[in-house]
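Chemist: This is the structure I have questions about; it appears just below.
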Amino acid sequence: MAPKKAKRRAAAEGGSSSVFSMFDQTQIQEFKEAFTVIDQNRDGIIDKEDLRDTFAAMGRLNVKNEELDAMMKEASGPINFTVFLNMFGEKLKGADPEDVITGAFKVLDPEGKGTIKKKFLEELLTTQCDRFSQEEIKNMWAAFPPDVGGNVDYKNICYVITHGDAKDQE
């Protein structure tokens, strides 16, 4: 391991392992999968370039350095998996699950329209982490049909995930 990487990795070890008691094993595995997706260069540390590459993979090519710097400053040092888990633990304390899920979708909706493209969502769901089967995709589109423009209302999806039934259309 290069000295620079060793120094970064050693500095990242500062995260507390007690955060692992906040989540069950399934949740920890899901966070690990998300961490792995973001850690584009697979060095065990999320850095500014990993964030830039992750945004690029999602189609957002013009992320400003200031935005990336602000994200990196949310951590007190290098972001290894324990620090990543700690950050989510802090963010999720007392949070409404619907708000948390909606917040995750909002990352994919930089224009704040409340919708995301069907094609993009389908690509994410079939190529990242716990991949959807074609049958699961078909069932999802039956439950949450996109509009004529190919947009999916993610707020309705979030509501159903957290409440178990479709929200009445206003």
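Cβ coordinates come from backbone N, Cα and C, glycine included.
Keep in mind the model is a prediction, meaning the values are calculated, not measured.
Sharing the features that Swiss-Prot gives for it:
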- ASP39, ASN41, ASP43, ASP50: Ca(2+) binding site (BINDING)
- 26-61: domain 'EF-hand 1' (DOMAIN)
- 96-131: domain 'EF-hand 2' (DOMAIN)
- ALA2: N,N,N-trimethylalanine (MOD_RES)
- SER16: phosphoserine (MOD_RES)
- SER17: phosphoserine (MOD_RES)
- THR26: phosphothreonine (MOD_RES)
- THR36: phosphothreonine (MOD_RES)
- SER76: phosphoserine (MOD_RES)
- THR102: phosphothreonine (MOD_RES)
Chemist: List, in sequence order, the same-chain residues at least six positions removed whose CB sits under 8 Å from that of THR26 (phosphothreonine)?
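Modeler: In sequence order there is nothing to list, since no residue at least 6 apart has its Cβ under 8 Å from THR26 (phosphothreonine).
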Chemist: Could you give the number of helix, strand and coil residues in the domain 'EF-hand 2' (96-131) as assigned by DSSP?
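Modeler: Output for the domain 'EF-hand 2' (96-131) reads 21 helix, 3 strand, 12 coil.
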Chemist: Would you count the other C-beta atoms found within 10 angstroms of the C-beta of SER76 (phosphoserine) for me?
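Modeler: Cβ-Cβ neighbours of SER76 (phosphoserine) within 10 Å number 12.
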Chemist: Which residues, in sequence order, are found in the same chain with Cβ within 8 Å of the centroid defined by the Cβ atoms of ASP39, ASN41, ASP43, ASP50 at the Ca(2+) site, excluding those residues themselves?
Modeler: ILE38, GLN40, ARG42, GLY44, ILE45, ILE46, ASP47, GLU49
Chemist: How many Å lie between the Cα of THR36 (phosphothreonine) and the Cα of ASP43 (Ca(2+) binding site)?
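Modeler: Given the Cα positions, THR36 (phosphothreonine) is 10 Å from ASP43 (Ca(2+) binding site).
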Chemist: Which residues, sitting 6 or more apart from THR102 (phosphothreonine) on the same chain, put a CB under 8 Å from its CB?
Modeler: TYR154, LYS155, CYS158
Chemist: Do you know which of the recorded positions THR36, ASN41 has the most other C-beta atoms within 10 angstroms of its C-beta?
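Modeler: Per the Cβ count, the most surrounded site is THR36.
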Chemist: In sequence order, which residues at least six apart in the same chain have a CB under 8 Å from the CB of ASP50 (Ca(2+) binding site)?
Modeler: ILE38, ASP39, GLN40, ASN41
Chemist: For the binding-site residues listed here (ASP39, ASP43), tell me which residue's CB has the most neighbouring CB atoms inside 10 Å.
Modeler: ASP39
Chemist: What are the helix, strand and coil residue counts for the domain 'EF-hand 1' (26-61) according to DSSP?
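Modeler: DSSP classes over the domain 'EF-hand 1' (26-61) add up to 23 helix, 1 strand, 12 coil.
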Chemist: Determine the mean pLDDT over the domain 'EF-hand 2' (96-131), rounding to the nearest whole number.
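Modeler: Mean model confidence (pLDDT) across the domain 'EF-hand 2' (96-131) is 84.
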